[in-house]
Amino acid sequence: MKFAEHLSAHITPEWRKQYIQYEAFKEMLYAAQDQAPSIEVTDEDTVKRYYAKFEEIFFQTCEKELAKINTFYSEKLAEAQRRSATLQNELQSSLDAQRESSAIPGLRQRRKAVFALTHEERVQHRNIKDLKLAFSEFYLSLILLQNYQNLNFTGFRKILKKHDKILETSRGADWRVAHVEVAPFYTCKKINQLISETETVVTNELESGDRQKAMKRLRVPPLGAAQPAPAWTTFRVGLYCGIFIVLNMAIIMAGSHYLLGKDVWPMVRIYRGGFLLIEFLFLLGINTYGWRQAGVNHVLIFELNPRNNLSHQHLFEIAGFLGILWCFSLFSCIFGLWINLQMHLNPLILYGLMLLFLVNPTKTFYYKSRFWLLKLLFRVFTAPFHKVGFADFWLADQLNSLAVILMDLEFMICFYSFELKWGDSDGLVNSANSVCNSYSYGVRAVVQCIPAWLRFIQCLRRYRDTKRAFPHLVNAGKYSTTFFMVTFAALYSTHKERNHSDAQVFFYLWIIFYLISSCYTLIWDLKMDWGLFDRNAGENTFLREEIVYPQKAYYYCAIIQDVILRFAWTIQISVTSLNLFTDAGDIISTVLAPLEVFRRFVWNFFRLENEHLNNCGEFRAVRDISVAPLNADDQTLLEQMMDQDDGVKNRVKSRIWKRSQSMSLRRPRLSSQSKMKDAKILIDDTDDEANT
């Protein structure tokens, strides 16, 4: 592998601009070689002066790169030393508290027998668990810094050796000895000492001297590296997807033959939510694949466990498996009379199995990922009582696009409670009324507002924590427009059913607030969530200064589809109002629901890209984990202090200036990455010029 590819494959994405600009140096050397005056048409002194002037510029550039690397390495090393001291103090405090609580073993055992663990013991246990996680993240940051050290030294050695070969001189090697080999980033071995100390502390203090267990906890692949799925997983993905496609075609043919002339809408509404969930999981798998390929570190952004998280193939497998269950359940509905199973039992069995898959307490079927999702859902639905993180409001945003699932769930509960004729074998296609699909009792309107309400209270909670009206209160205003839109839609629907004369008034109010909501959310999507239409976009017209994905066309197409799908509701209202054909509203809404999931799928790419660029600007490469976090008041006070004119603002300006000096970010395919041993990057030190 060429070193340029090796460097691109193994750098930490969030520190990309702090590495040696190896490709730029190569271009300098090749350009100098191509533009050099020929010895055949000019004298030797002119050629020597040309190369002498070039070398002066070349070595000045090397000095600037070396100074940049030394500065960044020193800052990160100092940060690591401070973090190490903090973790050591927290560990010592936890161990001291643990020893004090166990000083009277008899009393402690009696307490355990009667009251199980005391509150103090539970807190200590939780602190030790948090410390293990904090040390593993800290160890990862040390490995990344060691990797930074090794890659930059190898980069200088390679480029200076190439310099000597092209210019037929030894001044590059001399410069390396005089400058690089004595540079602080290379000579400083404190990083190795910190790594060794961390391994020792985790082994002796947290894993009771079991080094194998300690190293298993510490060793981790680099963030952003694709975790190869087993061959059987790949096989199952292909098998499930193939079966799902074939079954869907069979369902369409069977349904058009056996259900012709029947009222299939209750069955469609009941099964529609399951299909949208399967579509969402499959598209999320594509999101995950795209993020990995582009170098968007979603593992860090979602604060996932880098040792154990779902890859795109795992998501495809889950979506395919659930898709097959969904198809078999629908088949059983259609052919219920032939298999002696009442039609209305099939959805209950299907969604019961899906729920069981999610809450299964055994450590099987991606237990850690399912438990992470359940905790996240709990945090989303109890938003006012927790500090809101990125994963929390990201999931709530997904729920806003999956609101149809909640509405279909409400319909299913209502239908089974009031409309279903349990004695009929074909109850799902033999409904006498459609009360459950209306706003008659107001429950449907409340359910429709739940996702927007969750984001609304999240924004209020973030405002409480940060005291920043913009963007949090402004964002809350965006979600509040949904409440008005749904309210007037419900009023219009109920007044129209009862032939009230004021129905048209509510219709126009509904349209006005729908229009306001769509414009509000569209502007927020493009400007705030995606960071587009930046004044400093430069050559990236209408985009932003830095872009991750390789083609600008991706961004322009995403803007167009977002505009179209944000206003797709106008088609539904127009067709429904004009009554162009039977069941127009149901047909259009069934088509638009998966399109909204697709819009959110596209939104995810650019929302995480924007968050990734924020992490790059802050050089944040690992999770921030603290055993003793600041409370909300202290956090607010600290942020206010940092906002002073002589504080962090100057650093922000400096970061903006630095970002303006760089080109678009792009990470090559991760297939070129090599495996790590003990989570340490091994740099190929070969001197073979074919590999440079």
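Placed from the backbone N, Cα and C atoms, the Cβ positions cover glycine too.
According to Swiss-Prot, the protein has these features:
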- 1-177: domain 'SPX' (DOMAIN)
- 158-165: region 'Important for inositol polyphosphate binding' (REGION)
- 1-236: topological domain 'Cytoplasmic' (TOPO_DOM)
- 258-269: topological domain 'Extracellular' (TOPO_DOM)
- 291-317: topological domain 'Cytoplasmic' (TOPO_DOM)
- 339-344: topological domain 'Extracellular' (TOPO_DOM)
- 368-375: topological domain 'Cytoplasmic' (TOPO_DOM)
- 397-401: topological domain 'Extracellular' (TOPO_DOM)
- 423-469: topological domain 'Cytoplasmic' (TOPO_DOM)
- 493-503: topological domain 'Extracellular' (TOPO_DOM)
- 525-692: topological domain 'Cytoplasmic' (TOPO_DOM)
- 237-257: transmembrane segment (TRANSMEM)
- 270-290: transmembrane segment (TRANSMEM)
- 318-338: transmembrane segment (TRANSMEM)
- 345-367: transmembrane segment (TRANSMEM)
- 376-396: transmembrane segment (TRANSMEM)
- 402-422: transmembrane segment (TRANSMEM)
- 470-492: transmembrane segment (TRANSMEM)
- 504-524: transmembrane segment (TRANSMEM)
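Long-range contacts of the topological domain 'Extracellular' (258-269) within its own chain (CB-CB distance under 8 A, at least 6 residues past either end) are made by residues 333-335, 343, 408, 411-412, 415, 419, 426, 428-431, 434, 437, 583, 586, 590. Taking residue pairs at least 6 apart in sequence, the transmembrane segment (270-290) and the transmembrane segment (345-367) share three or more C-beta contacts under 8 angstroms.
Of the recorded ranges 237-257, 376-396, 470-492, the transmembrane segment (318-338) has the largest number of C-beta contacts under 8 angstroms with 237-257. Here the transmembrane segment (402-422) does not lie next to the transmembrane segment (504-524) in space: the count of CB pairs under 8 Å, restricted to residues six or more apart, is fewer than 3. Contact check: the transmembrane segment (470-492) against the transmembrane segment (504-524) gives at least three Cβ pairs closer than 8 Å, residues 6 or more apart, which meets the contact criterion. Residue counts for the topological domain 'Cytoplasmic' (291-317) under DSSP (helix as H, G, I; strand as E, B; rest coil) come to 14 helix, 0 strand, 13 coil. Packing against the topological domain 'Extracellular' (397-401) from elsewhere in the chain are residues 280, 380, 450-452, 454-455, 596-597, 599-600, 603, 607: each is 6 or more residues past its ends and has a CB under 8 Å from a CB in it.
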